[in-house]
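Asker: Got a structure here, written out as C-alpha cells. Questions coming.
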C-alpha cells in the first residue's frame, strides 16, 4: 500500500512539472508574437494640458477614449475618427 502511494505521489509530481513546462512554453510563444493592431482597441486618456484638437471635438479633460474597430459601445459616443495602420476607425469616448 505504501508503494502504491509513493508511486502515485511521484506520478503527480512528474505531471505537475510537465504542466509547468507547457505553461512556460505557451507564455514564450505568446510573447514572441507581434501584437495585431487590427484586433485591439487603443485607449486614449485626455489630460488637461493635451492638445486642443480633441477638445474641439467635445472631448473634455479626464475622459477616456478608445479607437474602436467597428461601433462605439453602448455607454460611449463617437467623438471623431482615428487611424490604426492607415485605416480610419471611430474614436469613442465614455459619456
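These residue numbers are counts, starting from 1, taken along the chain as shown.
Including glycine, each Cβ sits where the backbone N, Cα and C put it.
Annotation comment: Swiss-Prot describes 1-19 as signal peptide. Look at Swiss-Prot and you will find 65-93, 67-82, 72-92 tagged as disulfide bond, backed by similarity to another entry.
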Asker: Taking the disulfide-bonded residues one at a time (65, 67, 72, 82, 93), which has its Cβ surrounded by the most other Cβ atoms within 10 Å?
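Answerer: Answer returned by the neighbour count: 65.
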Asker: Can you grab the distance from residue 93 (disulfide bond) over to residue 72 (disulfide bond)? Cα atoms, rounded to a whole Å.
Answerer: 8
Asker: Between the Cα atoms of residue 92 (disulfide bond) and residue 65 (disulfide bond), find the distance and write it as a whole number of Å.
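Answerer: Residue 65 (disulfide bond) has its Cα 5 Å from the Cα of residue 92 (disulfide bond).
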Asker: Indicate whether residue 82 (disulfide bond) is helix, strand or coil by DSSP.
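Answerer: Going by the DSSP assignment, residue 82 (disulfide bond) falls within a strand, counted as strand.
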Asker: Between residue 65 (disulfide bond) and residue 72 (disulfide bond), how far is it from one CA atom to the other, in Å?
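Answerer: Taking the Cα atoms only, residue 65 (disulfide bond) lies 10 Å from residue 72 (disulfide bond).
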